[in-house]
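Everything on this sheet refers to the single structure shown next.
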Number of protein chains: 2
Amino acid sequence: MLENKDPNRTDLRELGEFGLIDHLTQGLTQSQPSTIKGVGDDAAVVDIGGKYLGITTDMLVEGVHFDLGYTPLKHLGYKAVVVNLSDVYAMNMQPTQVTVSLAVSNRFPLEALEELYSGIALASRIYGVDVVGGDTTSSNKGMILSITALGFGKPEKVAYRSGAKPNDLLVVSGDLGGAYLGLQVLKREHEVVKVNPAHQPDLGAYHYLVERQLKPEARKDVIALLEGLEVTPTSMIDISDGLSSEILHLCKSSGTGCRLYEDKIPLDPMVISTCEEFSLDATLVALSGGEDYELLFTIDQKDFPKVKGNPNLTVIGHMTDQGEGANLVSRSGSSIPLTAQGWNAFQGE
Amino acid sequence: MLENKDPNRTDLRELGEFGLIDHLTQGLTQSQPSTIKGVGDDAAVVDIGGKYLGITTDMLVEGVHFDLGYTPLKHLGYKAVVVNLSDVYAMNMQPTQVTVSLAVSNRFPLEALEELYSGIALASRIYGVDVVGGDTTSSNKGMILSITALGFGKPEKVAYRSGAKPNDLLVVSGDLGGAYLGLQVLKREHEVVKVNPAHQPDLGAYHYLVERQLKPEARKDVIALLEGLEVTPTSMIDISDGLSSEILHLCKSSGTGCRLYEDKIPLDPMVISTCEEFSLDATLVALSGGEDYELLFTIDQKDFPKVKGNPNLTVIGHMTDQGEGANLVSRSGSSIPLTAQGWNAFQGE
């Protein structure tokens, strides 16, 4: 019945990931007065009296989100924790606990899961969060990881996607595009190894990019930096799906437009040179690449002096009235509408 | 590499589900002073100042935990929420929010997911919890659901698995074995339908059992009842894996033994008659069947007058010193050591 090719049935690919979530959750009602923010931000927010609790969850499926052909299990465990912590930081909250659920087929020996958990334990230790529970079960195929992170913050400090105002400055931490290029490098080496198993990949020249892909870090330091600078972002999101997609999320949630300046987008020299090698446009890679786990946020103009010149932060544009749309101002000065090139989990399958 | 049949590699089936969780989590350290209880209870417990937060998570895999051949998607969504709420109630806490993560292959049309979410929405409404987030992505095969529930409780009321003392009374809500028999009925009908697709199953006579399997309820009412009776369980667990397995969890966590009286185990007349039809031993079904989602708890003897004669509660035994072991006292008066017949997620694959 479920596999019926009835033309009245709607293919999931028609909606895309965000459309599907919107559609499925629209019928849900909220009755708990403690629910401050439900679906539609980096984390849900619950009022626990005096402070706010953030909760976020991510599911990672082998063959969809990771390929064990070139992803060491320890790195996978590390990254799976970090991407959830990144969502908590993106609310300007401090993560404290995580749960880890795992489904694996019997093709995995215990030693493989020990590797995975060593990465989970390492990330927990480095970020100071406790693994407090989870579930372990078998799957029919491959590995599925589902991680949930909890965090806490002061109500007046919590940063939603919806708080940006016209003229707020758009700021990004670190640099962009590295994780996507790291994946391209890994895929290229993996193809060579498949043809010639004796090939010894030498990824040394691409170390920065490969590390960005396999072992990203959540910007705990940036949250501490903003606290130190006494800057509370008016809105914030982490960059998991590419700069363009995340900017559009901020604009849509805040009811604003935006001007993003191409020449301000921070790129590492290794990103620029590797883009040349792969014949890729570096701006497009930054806009659409994803998985950088940098923080994208807006600040009131009065806070500009506090962030100006900080090597960790780059002002890349500003918010505008909604009617002006979300635009990229190219190096030549022309204005190009931004499109959601964010990764679509249902595309191409 | 991962599929290497190296004899030095340990097959997951050797450990079983609980052994695997114990093994993988033993290297984890805890650094957050707010973590009251980590791995090893129905829910983790976090001190949020003044009250305690409970968090629990469950992963359900198609073909392992459910079969869409005889599980309507709406029921699956309902049950997936309810089993998590049951874990929160088993801490003597009130659930308030859930997150729902879903991975599905493209064989599912949108309408199938709408059915699933209608069950999730129904359970949320009935139990008064909010769906505040989650993740939706694609899988390579089948459906995987991961649900996390949050709840709150007063620190002095929270019931852990570890609080039972010798001479405490062992109490169970409702009756046992129905969900397992409902599954047997559904499987039998499913086999008939596979041979003869025109067959119209008539499950009316087994309505109670099938409902116990497909649409279990969490005992929110029992938590309210205990509150009304002013009884705080000294320990508590919900019955997901069968009475025997859950009793052993309480005994192990509390450092006690126990005497369970066979003739006290509450059985519905439909369970008894269907056991006869299937040539099954009703006691064994109650001990090992699982998925009843009743609450199993211990109370101080002084509270006996408060629960005595309550139609929702049955005293089925009492705790003993650890040295006496965990035993079933049969109808004939002989004492038989209880064994963990709890469902092993890694068995038989």
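Including glycine, each Cβ sits where the backbone N, Cα and C put it.
Automatic prediction, not curation, is the source of TrEMBL annotations.
When A:Asp11, A:Asp87, A:Asp130, A:Asp135 are compared with the Mg(2+) 4 site residues A:Asp42, A:Thr56 in TrEMBL, the one appearing in that site is A:Asp87. Annotation note: A:Tyr117 (ATP binding site) sits in a helical segment as assigned by DSSP. Highlighted in sequence order, A:Ala43, A:Thr56, A:Ser86, A:Val88, A:Tyr89, A:Ala90, A:Met91, A:Ile237, A:Ser240 have their Cβ within 8 Å of the centre of the Cβ atoms of A:Asp42, A:Asp87, A:Asp238, the residues recorded for Mg(2+) 3, and are not part of that set. For chain B, the nearby binding-site residues by a Cβ gap under 8 A, listed in sequence order, are A:Thr56, A:Tyr117, drawn from A:Thr56, A:Tyr117, A:Ser240. Of A:His65, A:Tyr117, A:Ser240, all annotated as binding-site residues, the residue with the shortest Cα distance to A:Asp87 (Mg(2+) 4 binding site) is A:Ser240. For the recorded site, A:Asp241 (Mg(2+) 5 binding site), the DSSP three-state label reads coil. In this structure, A:Ser240 is the one among the binding-site residues A:Thr56, A:Thr57, A:Ser240 with the smallest number of other Cβ atoms inside 10 Å of its Cβ. Looking at the domain 'PurM-like N-terminal' (A:40-151) alone, the prediction's average pLDDT is 95.
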